[in-house]
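Working notes for the structure below.
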Amino acid sequence: MSLSHTAAEYMLSDALLPDPSSSRAKGLRLELPSDRLLKFVTVGLPLFLVSLAFAREFSAGSQISCFSPTNFTGKQSAYTDTACWDSLIHHGFDADGHAITKSLWALKVFPYSLLVVAVLMYLPYLLWRYAAAPALHCDLLFIIDELDKSYNRSVRLVQHMKKVQQASAEPEQFWEEYERARRERYFEFPLLERYLTCKQHAHALVFIYILRNLLLLLFLAATCLYLVFLHLNIFFQDEFSCSIKTGLLQAEPHIPLLIPCKLVFFSVFQIISLSIGSVYVLLIPVVIYNALQLCQWDKGLLSVYEMLPAFDLLSRRMLTCPLNDLNIILLFLRANISELTSFSRLNAVSALREATANKEDIDTVIDFMTLLAGLETTKPKH
């Protein structure tokens with residue numbers, strides 16, 4: 001056996017991928033990077049700001065300061081602060097002099113409402129995790145495994161072809177058999193292609209993904225409207241007039257009708273609401289962009305695998321509407337590209353293929369590896 005043939009045999013044996021490790025199933029990412037960022041910001045931001053508000057409340061003590069009359073004792077002043085904080089009702093007069101009341105109770109529940117916002121923002125993630133992630137995990141694991149196996153089968157086929165070509169007495173007859181096998185699609189991978197085609201006609205994953213983004217968009221818009229309502233109705237009134245002439249104190253003559261009070265935490269709540277509202281408004285286009293990704297095919301990944309013999313899913317089948325499960329799977333394959341070992345090798349071969357002068361002699365990875373093995377394509381390609 002010549003030195004070139006020995007070197008080619010070792011090269012092809014090194015080209016085979018090792019068996020996948022058991023950590024592949026645990027390392028699959030079932031969220032896109034943009035969705036993971038959205039979850040971190042939409043859930044984490046209100047929780048972080050609420051924790052700051054609660055920390056300030058516990059450290060600063062009372063959240064309200066009322067200007068009690070000078071004849072009030074310390075206990076009476078403390079009672080006034082507590083009673084006004086419990087009621088949070090502003091007593092005033094309209095233009096005609098009629099008494100009006102305005103409830104400021106939303107300020108008291110504002111930190112707790114942000115906790116509700118954080119829970120709502122987490123619901124789309126829970127929907128995806130329990131309704132779509134298990135099926136997506138199985139699909140990704142099977143497709144990644146089959147793509148790597150398809151690459152290995154191609155390399156083993158090259159090894160066999162090299163041995164057959166070396167043993168063939170008539171090289172022209174060998175290339176005729178090779179061309180006939182390609183025309184009759186003996187090299188195709190029917191299981192993988194049919195599975196991907198089946199996913200092209202399924203819509204469960206894409207429905208859940210669109211529903212997830214619609215729910216997130218709805219919750220973002222509702223939160224922004226809620227914050228706008230607070231600013232227009234409450235967050236411009238840090239001072240109010242409180243009345244404690246209720247119950248047993250209603251007949252006491254020395255208690256004034258109204259007592260002015262000031263909300264100590266008012267500026268903090270304004271900053272928190274403006275921060276959350278601004279960030280959520282900026283996130284709305286991101287959510288819309290994530291949903292619009294499904295309106296076009298991601299052909300960059302599988303186009304590399306078209307170098308494999310008879311693997312032409314893109315050119316023959318990916319011509320329909322992209323709103324299907326196959327497009328979702330392609331997006332997540334892109335996010336898990338590190339788990340797809342064969343992609344990096346085929347991508348390198350593809351780059352060399354583009355840089356080759358005689359591109360008509362290189363059609364599939366078998367042709368390319370055959371050239372690397374020292375075999376000459378004596379029969380021209382049509």
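Just so it is clear, glycine is given a Cβ too, placed from its N, Cα and C backbone atoms.
These come from TrEMBL:
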- Asn71: N-linked glycosylation site (CARBOHYD)
- 109-128: transmembrane segment (TRANSMEM)
- 204-229: transmembrane segment (TRANSMEM)
- 263-289: transmembrane segment (TRANSMEM)
**OP:** Mind checking which residues of the chain, 6+ beyond the ends of the transmembrane segment (263-289), have their Cβ under 8 Å from one of its Cβ atoms?
**Re:** 34, 37-38, 41-42, 45-46, 49-50, 52-53, 56-57, 60, 62-65, 104, 107, 110, 114, 117, 213, 216-217, 220-221, 223-224, 227-228, 230-231, 235, 238-240
**OP:** Could you tell me what the rest of the chain brings near the transmembrane segment (204-229), counting residues at least six beyond its ends with Cβ under 8 Å?
**Re:** 38, 42, 113, 117, 120-121, 123-125, 127-128, 131-132, 135-136, 273, 276-277, 280-281, 283-284, 287-288, 290-291, 294, 323-325, 327-329
**OP:** Using a 10 Å cut-off, grab the number of neighbouring Cβ atoms around the Cβ of the residue listed as 'N-linked glycosylation site', all chains included.
**Re:** 8
